[in-house]
Amino acid sequence: MGSGCCGPPPAPATEPPAAPNAAQSDATSSCQDECCDAGDSNDGDAAPVEASEPGQASATLDNNNCCSSGQCADSNSEDDSDAPACCRGTTAPCCDTSCLDRLALRECSMSEHLLPKEGAESTDFDGAPEGKACNRHITSALDRYGATLEALGCLCRSLIALGQETCCEIRERHSLSSATSSPSIDQPTARRSLPRAQLDSCCSTGPTTPSQAAQNRLRLRKTCGQSISSATKPSAGACAGSCCSNDKPAKVPSVKNDSCQVSCADACCSSPPADAPVVGKVPVQTINDVENQGAGKEHVVLSVSGMTCTGCETKLNRTLATVPAVRDLKTSLVLSRAEFDIDLRLGSVDEVVKHLERTTEFKCERIRSQGASLDIIVPSEPAQFMSQAWPEGVIDMALVCKQIVRVAFDARTVGARDLVEKIWGPPVELAPPRGDTALEAGSKHVRHVGYMTLLSAILTIPVLVMAWAPLPDSRELAYSSASLALATIVQVVIAGPFYPKALKALVFSRVIEMDLLIVLSTSAAYIFSVISFGYFVAGNPLSTGQFFETSTLLVTLIMVGRWVAALARQKAVESISIRSLQASTAVLCDKESGGEREIDARLLQYGDTFKVLPDTRVPTDGTVLTGSSEVDESMLTGESRPVEKYPKSVVIAGSINGPGVMTVRLTRLPGDNTIHAIAAMVDEAKLSKPKLQDLADQVASYFVPVVVALTIITFVIWIAVGVAVRGYGAAKATVEAITYAITVLIVSCPCAIGLAVPMVVVIASGVAAERGIIFKSATAIEVAHKTSHVVFDKTGTLTRGKLAVVGNECIDNEALPLLLGLVENSRHPVSVGVAAHLRDTGVTSVTVPEPKSLTGKGIETTLGGRKLQAGNSRWLGQSDNELVQLLLTQGCTVLCFAIDNELKAVYGLEDELRPDAAKTVETLQERGVSVHVVSGDDDGAVRALASKLRIPSDNVRSRSSPADKKDYVQTLLGAATGHKQPVVVFCGDGTNDAVALAQATIGVHMNEGTDVAQSAADVVLMRPTLGGILTMINASRKSVHRIWFNFGWSFVYNTFAVLLAAGAFVNARIPPEFAGLGELVSVLPVIAAAVLLRWSKI
């Protein structure tokens, strides 16, 4: 046992308590925070199975191992199966401040091992001198996780969701590499892995192999923590899933144990008794490819190149909808994007992409939204660079182009700057920055279409000259031959890509799209000209002659129309790109040299401190350490006035610094800051589709078949007119009928109908975001203008949420330190106000056990057998108390403090109305919108506020729990008048409003921080002003008006254009060679109507 990872077994320990603390962390169980060995490999009860290759193994695991019976974790965990492994069987909250110490210690230890030495077999897990973290890492851990711990009481879910190791002592360790665990307890074992991304090989040191990284990539998926389909899940895998892999094939024995009458340390880290029975052995299936064996689902975002019209989006939708593994599909023509969840049991992402490209001719590129990534330039042999051992923390490498490699890595394990400058170093260097991936794909498509259009124009101009210029007849054959050659090149090279797209759409997706109309029309003109040329060469020319200029000019003008439309769409999307606010460089305060240097913002990493100079953009979110300034946050929050910043203030990425200089400690990386959080929510709205889009899609689906039918009718009618009315011969009548049919095919354009809604949604969501209104769904844009009821929460919504004590009655002064200890860590505005008042009066808090927050009631805990409670008077049964009634009649919010149900203190607090509350309520009422107030506050305070705002007493509800708020919203939704369904907007700011936000037609969350992605509302107000409600309604009204204008224009254009092309007007018609301008004429007004929203007053 001397060389085992756990060392000599400690004395038998009792079952650990529900909430572990730092004092017990080293003595509870040797398998909780250290590595465990599998068991005796020479046990003869189960034959070991030889692993065929690294990463593949099969084993027999005993179900009654020491951890499965509950020695390492609480056995009473039937109801917490969805909790993280380390938290099962605990009483919430499961984490405490010792978890922050462990995270800080882990950071210190990780810093010492950023450059692992080859061949090192073990390293002690000291982390820092005397086993304590340094002040820098303690502060860093407190900044990153303190708020989460205070709010949720558990850090484990947050860490697991990021693909990291839990902060608690490990009770269970579900390891992907359990099948390749060390078979012998006598082998020297490596240290516990410090980087948290490598849970599955937690004892490995040194670089990561690609096979290990493949397992790491599984953990970055959103379903992190779900079981792997190829492995049988043990009841508790701490010891069964041994973590001491040596990264080589090994024989894996059966792991068996008795009834766990010995301690976990003895059971895990010493040989089991030879006569212990083997019960319920289950073979583990061999993992052939760990990359493709994950169960659950993965979120996929694809940038799709080659989409030009609504038919393309329909084709994309139908193609992906036929794939069984694809769920929750969203597509966008304007963004050229597809977003869906994939069931990994039914298929892989690569299979879906290959199927999509094969059946649609689109080109797809996956947009990575999880983890950090970096593009680096490898001057020579990128393949060899990618095949070598990867540094710890590197998750994936992919070749982007000849010398650029994209590296995905866990930013909390290894920093970008450490990778580029220290681990790899020259000649490896950072690649030039790429823009927004989606915008870059769109720009690439626009450039490609532009080049093809230019080539088509160059080939077409000579054909037009030879057809229209007065050239000598003696060389007509030479001119005709040249025209044939040039027209053939145009038809094959320029129009050629339309053929496979149209045919595949027809065969695979059963969609008749615009490409088919182009193929039919251009082919008809070209083939007829070739036949005419054949007759001319044979000496029997047709009277109609050849019209190669028609087919070539038709293709060129179609390409011009598509290029201009694509360019206009791209510029419109770029104009409202939130990600463009990201600064490209940062001034790093270099701790090693003690100086400052300018670096690429992509090289920032956790623990960095950077300087923000005057009139420069803040590179990423952070906390001010020194200095002060005024910062312009208008581009993100819509707040026009500069915001003062001083030490401990939070600065937002993309905001512009004023005259001062600030030193800022980084809290979020550039790839995961507020800019990206807002952009992600805006993209979500752009990808969603309102009900009006269903109408547009339905019309567009019938459009092309109807046009084909009209073309056939036009062709037949003009043959009849030519022969019967005008006396033409059959050949001449046919040629004339063909020209009319070609014109009808091309001049009609469904793109205007298809772009009518999504173009407006994209621009409106971007314009609203610039004004501090984040629409998270297109439905909110569509229906907000129909708002009939607006329901406000009181505290923090109509008021500032900063309550101050204006009156108090203290019965027992000696109890006040207990009250301060109870409320000082609560974020509720009432608790914050009382805590501030107590500190100002010189009260010193007494440490109390972790309080339990009860939504809508208050907060409580137990100390020394006494029950401490602080909350509203109704919960504590003190509503009729004289002291409470006195404060209630003054319109105060009341907090009562009781010990064992005996009242000790009463505090009355008042809040200040927001400056724009009265004007907003008045404007809404002038528009005929009914305004309501629903609050959990006391009746007197709520009605006093309502009277100030002139809100009818019938629309006021006080002392409302979250369920009461939901019921009130439901009542309003059920009060329909006639055929008009009510649209209820609920505006709140707290977690206790979440149910009502979800129940309302539109939930509006008033946000005052930078963590906007947490909100589940339909709309987020980025700045705490109620005027955002009016802006939201105005933006919705203007957007819907634009959509209906686009529908009207599409109808008018297509009706008039088809009639003109078909020859319905006797003295006017569209020549077939100019019909290709139809797309340009129809689409540009639609795009212009949407873009003009940028200058519209909302």
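Cβ coordinates are placed from backbone N, Cα and C, and glycine is handled just like the others.
All annotation found in TrEMBL is predicted automatically rather than curated by experts.
Annotation source TrEMBL lists compositional bias 'Polar residues' at 178-187, 201-215. Residues or ranges marked as domain 'HMA' by TrEMBL: 298-365. Per TrEMBL, the feature region 'Disordered' maps to 1-59, 178-215. Per TrEMBL, transmembrane segment is recorded for 449-471, 477-495, 516-538, 699-725, 737-767, 1043-1068, 1074-1093.
Contact between the transmembrane segment (516-538) and the transmembrane segment (737-767) holds: at least three of their C-beta pairs are under 8 Å, each pair 6 or more apart in sequence. Nonlocal intrachain contacts for the transmembrane segment (737-767), taken as residues 6+ away from its ends with a CB within less than 8 angstroms of a stretch CB, comprise 308-311, 313, 332-335, 514, 517-518, 520-521, 524-525, 528, 550, 554, 558, 565, 569, 572-573, 575-578, 682, 685-686, 688-690, 692-693, 696-697, 699-700, 703-704, 707-708, 710-712, 714-719, 722, 775, 778, 781, 1035, 1038-1039, 1042-1043, 1046-1047, 1049-1050, 1053-1054, 1057-1058, 1060-1063, 1069-1072, 1075-1076, 1078-1079, 1082-1083, 1085-1087, 1089-1091, 1093-1094, 1096, 1098. Taking H, G and I as helix, E and B as strand and the rest as coil, DSSP gives the domain 'HMA' (298-365) the counts 24 helix, 25 strand, 19 coil. Of the two recorded stretches, the transmembrane segment (699-725) lies close to the transmembrane segment (1043-1068), with three or more CB pairs under 8 Å once pairs fewer than 6 apart in sequence are set aside. Mean model confidence of the domain 'HMA' (298-365) amounts to 86 (pLDDT, 0 to 100 scale).
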